[in-house]
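S.K.: Before I ask anything, here is the structure I am working with.
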Amino acid sequence: MTPSFATCDLCDAHKNDVSGAFRVLPPVFRDFGGVRQFCGPVVTVKCFEDNSSVKAAVESVGYQETPAGRVGKVLVVDGGGSLRRALLGGNLGAAAARNGWAGVVIDGCVRDVSELAAVGLGIRALASMPLPTEKRGEGQSDLALQIQGVWVRPGDWLYADEDGMVLAAGRLV
């Protein structure tokens, strides 16, 4: 279950943070998933026009057990901002939901938009693009990324709602 939060309230509470522990992603991402509000610890993938590592991630367990219960993770994908190929489609979106992921954020494109809207998963990306990726088996995971100029690290917490997305070095709610 997603805890109750509002990104505006989180920004109000952390507006004077100059340490870099609290960050705000720019408002360039569109909402494609069936879930509008989501949060969780971040897992990272870096790939360019090859979604092999995205597929491997969403086909793995997308949650962690905590004393408070099961917490879905958020996959953050650095697709280099490419608008030429889709890194996530209906099949992979369904796999992510089935495996317990809370959300997927892609600095790149998605496809199968109507299928993604029906999936119980938060999905943010730059745009839709019907072309699939090449399958070269390339990509890296579990590394610090710069997404639209903002640092995102494995283990950060990402909070997303209708107002935007914020990151924190640890869990806030």
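Any Cβ shown, glycine's included, is placed from N, Cα and C.
Straight out of Swiss-Prot:
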{"type": "BINDING", "residues": "Gly89, Gly90, Asn91, Leu92, Arg111", "note": "substrate binding site"}
{"type": "BINDING", "residues": "Asp112", "note": "divalent metal cation binding site"}
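For the listed features, I'd like the structural context: burial, neighbours, distances.
M.R.: Around the Cβ of Gly90 (substrate binding site), the number of neighbouring Cβ atoms within 10 Å comes to 17. In the three-state DSSP scheme, Gly90 (substrate binding site) is classed as helix.
Residue environment of Asp112 (divalent metal cation binding site) contains 21 other Cβ atoms, counted within 10 Å of its Cβ in all protein chains. Secondary structure at Asp112 (divalent metal cation binding site), as computed by DSSP, is coil.
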S.K.: Can you give me the Cα-Cα distance between Gly89 (substrate binding site) and Asp112 (divalent metal cation binding site) in Å, rounded to a whole number?
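M.R.: Distance (Cα to Cα, whole Å): 5 Å.
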S.K.: Given the recorded substrate site (Gly89, Gly90, Asn91, Leu92, Arg111), which additional residues of the same chain have their Cβ within 8 Å of the Cβ centre, ordered by sequence?
M.R.: Ala86, Leu88, Gly93, Ala94, Val110, Asp112, Glu115, Leu116
S.K.: With the substrate site defined by the record as Gly89, Gly90, Asn91, Leu92, Arg111, how many Å span the farthest pair of C-alpha atoms?
M.R.: 10
S.K.: In sequence order, what residues of the same chain, 6+ apart, have a Cβ less than 8 Å from the Cβ of Arg111 (substrate binding site)?
M.R.: Ala86, Leu88, Gly89, Gly90, Ser128, Met129, Pro130, Leu131, Pro132
